[in-house]
Amino acid sequence: MTVRKNCVIRTVDHMVTVCDSGWSGEYCMLKQCDQRCNEHGQCKNGTCLCVTGWNGKHCTMEGCPKGCTGHGQCRVNGEGLWECRCYEGWDGKDCSVPLEQSCSDQRDNDKDNLIDCQDPECCTNPQCRSSQLCITSPKPIDILLRKQPLAITASFFERMKFLIEEGSLQRYAKQEALNESVFWNHFNMSRSAVVRGRVVTSMGMGMMGVRVGTTNINDGYTMTREDGWFDLLLNGGGAVTLKFGRSPFPAVQYVVNVPWNEVVVIDTVIMEVGDDRSAILASASPPSQACQAHDYDVMKPVVLATWKHGFQGACPDKSAILVESQ
């Protein structure tokens with residue numbers, strides 16, 4: 001009798017098949033699932049198939065918490081995961097967050113301390129679309145679709161320069177940056193980088209109309225889009241302090257390390273009303289300041305004419321008279 005290699009045959013009064021760990025069945029042909037699958041899933045040859053509303057390898061992640069609280073439907077998204085699709089007027093992972101519906105009555109109807117157009121939820125309402133609080137930026141994909149594809153050999157800066165072009169995402173960036181003859185006055189093409197992130201409310205909703213800039217006014221600024229996402233082109237190679245502002249929310253600062261020629265995605269930034277958010281937030285580390293000793297704009301190389309610079313002490317950039325053998 002031939003059985004799978006992960007089976008052990010023992011003979012007592014009759015033949016007994018003992019499967020190796022992780023296998024089952026008469027001939028040890030069925031792969032087992034983790035025990036956690038039994039609660040919200042069904043095992044099929046080693047794969048845990050989740051019941052409605054549950055996600056994850058072992059079906060332990062609740063995709064539709066509290067049954068969407070009766071304010072939405074549990075549906076599968078484009079990634080094959082269960083999630084709540086909220087009815088109009090509700091939001092949140094479990095559709096338990098009421099949205100502002102009346103955006104011109106001078107009242108805080110959803111009790112979030114925001115009135116009318118102050119509330120990001122009202123920015124899609126006709127009464128608030130022209131409000132200064134709801135100014136936004138276009139989506140990057142909409143800008144790129146109007147341009148000719150770049151060559152495969154295009155540099156990082158050439159691929160990202162569209163962010164600071166006129167009518168694009170980033171406003172008031174140094175316009176001479178587009179003129180390569182004077183580009184070095186501010187932007188450094190070899191050091192360019194993009195910071196990408198998302199600003200949300202305390203309820204986790206994307207905030208539209210947040211002004212995002214840096215402590216360097218020459219970088220200009222951008223505005224968060226309808227979903228709260230933003231992209232900002234700047235010089236990389238060190239710590240950068242990002243500044244977030246939108247009335248009536250207190251300003252927020254965020255320090256992040258930005259390498260050269262990379263798109264850096266920062267942690268989600270949360271803005272709350274009535275909370276003192278003027279303190280600097282740091283990405284996965286305590287608050288830090290830019291290191292002046294490593295400021296690439298002020299660093300200067302020291303050229304030595306001899307290998308005997310050790311004799312010059314701790315100041316090799318000072319003049320010295322050295323005798324060299326020929």
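Positions of Cβ are set from backbone N, Cα and C atoms, glycine also.
Since we're looking at a predicted model, the values are computed, not measured.
The disulfide entry in TrEMBL for Cys64 points, among Cys59, Cys74, to Cys74. Cys95 is paired in TrEMBL with Cys86, the candidate among Cys86, Cys103 named as its disulfide partner.
Cα of Cys74 (disulfide bond) to Cα of Cys86 (disulfide bond): a span of 9 Å. Annotation note: Cys64 (disulfide bond) sits in a coil segment as assigned by DSSP. Cβ packing within 10 Å was compared across the disulfide-bonded residues Cys74, Cys95, and the lowest neighbour count falls to Cys74. DSSP classifies Cys86 (disulfide bond) as strand under the three-state reduction. The distance from the Cα of Cys64 (disulfide bond) to the Cα of Cys95 (disulfide bond) comes to 9 Å.
Shown in sequence order, Cys68, His71, Gly72, Gly92, Cys95 are the residues of the chain, 6+ apart in sequence, with a C-beta less than 8 angstroms from the C-beta of Cys86 (disulfide bond).
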